[in-house]
Amino acid sequence: MALRSPARDYLVSMIGELVGTFLFLFFAFAAAQTANQPNGTKPLTPNATDTSKLLYIALAFGASLAANVWVFFRVSGGQFNPAVTLALVLIRAVSPTKALILIPAQLVGGSLAAAAVKGIIPGDDILFAVSLGPGVANVQGLFIELLLTFMLVFTILMLVAEKTKSTFVAPIGIGFSLFIGHLVGIFWTGAGINPARAFSPALIQASFPSYHWIYWLGPALGSFLAAGLYLGLKEMKYELVGGDADKEKREEGLTVQQADLIIETLRGLPRAIQGSGALGQFEGTTEGHRSPVDLERGAEVRILEDDPHIRKSRYGSPDSTDLPT
């Protein structure tokens with residue numbers, strides 16, 4: 001078995017973010033380029049509206065993100081967005097060092113996607129770049145980008161950073177969030193929401209508008225706002241206030257015997273199994289002469305036995321369905 005190392009983990013994550021961002025944006029850019037091909041009507045830019053094209057492009061971005069997050073979640077986290085990575089750094093889910101590796105990978109992946117679409121699909125013009133709509137001031141565009149990014153990032157934090165029984169379908173919620181953001185933002189700002197998405201076409205066509213900075217500052221501020229709200233809710237223990245989505249899962253809970261077996265497996269410490277179903281005393285130790293590990297384990301036992309979510313089996317006759325097989 002190959003030994004894990006931080007360098008190897010960083011390399012795998014970097015490759016995952018580069019390839020994942022490339023695939024996400026390639027299919028999204030290609031859909032936008034296809035929808036905006038001249039056919040007697042104007043391309044869907046912030047200067048003209050066409051709801052059918054708007055829906056097509058918004059759905060393409062949302063579906064492409066959902067599919068690729070699902071694929072790459074276990075490889076790199078499926079971030080594909082510097083704003084998302086920033087938020088994960090703020091909540092301490094990703095280290096700053098790792099972020100400095102992932103963000104350049106995202107920018108490179110996005111740029112390769114933009115170059116691939118430009119090279120593969122006929123036509124000289126890039127029709128998927130972002131720009132402000134008519135009458136939209138820079139500060140207005142900034143706040144639009146801030147709010148759209150806030151929605152996406154907060155969705156990701158609540159569905160992915162919070163581990164629940166619905167985490168496995170989180171990519172659907174993330175895709176819907178981006179879909180909604182594009183429905184709102186395409187006409188007004190081009191719906192950047194992602195610095196890699198805004199930067200890539202501008203780089204390939206070597207054209208950066210004077211207000212390009214809003215596609216970096218807006219998402220960054222949105223990330224700070226989303227991370228701040230998330231941390232605030234966690235500090236206030238929001239899960240104890242409203243209905244608990246995971247109540248059923250917790251009620252199923254663990255029996256004392258299951259909890260005991262888990263602790264024994266993790267700690268590797270033998271003990272005398274008592275018929276009461278409680279976790280008993282440690283072999284070869286006394287209350288006054290337990291090792292630090294024993295004392296720590298004893299604290300865990302007391303917590304588990306006092307936890308109302310852990311069902312205790314019948315005295316001396318544990319239910320066989322409660323025991324691991």
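Note: Cβ is positioned from N, Cα and C throughout, glycine not excepted.
Note that the structure is a prediction, hence the values are computed from the model and not measured.
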Looking at Swiss-Prot, is Ser166 on the same side of the membrane as Ala35?
-> no
When counting C-beta pairs under 8 angstroms to the transmembrane segment (101-121), the leading stretch of 11-31, 53-73, 141-161, 168-188, 213-233 is 11-31
Compare 11-31, 53-73, 141-161, 168-188 by their Cβ pairs under 8 Å to the transmembrane segment (213-233) and return the stretch that comes out on top.
-> 141-161
Long-range neighbours of the topological domain 'Cytoplasmic' (74-100), counting only residues six or more past its ends (CB under 8 A) = 10, 12-17, 20-21, 24-25, 65, 68, 106-107, 109, 149, 152-153, 156-157, 160-161, 171, 193-197, 219-220, 222-224, 226-228, 230-231
Same-chain Cβ contacts of the transmembrane segment (141-161) under 8 Å, 6 or more residues past its ends?
-> 73, 77, 81, 83-84, 87-88, 91, 93, 132, 167, 170, 173-174, 177-178, 180-181, 184-185, 188-189, 191-194, 211, 214-215, 217-219, 221-223, 225-227, 229-230
Hey, which bits of the same chain come close to the transmembrane segment (53-73), Cβ under 8 Å, at least six residues off its ends?
-> 16-17, 19-20, 23-25, 27-28, 31-32, 35-36, 44, 80, 160, 170-172, 174-180, 182-183, 186-187, 191
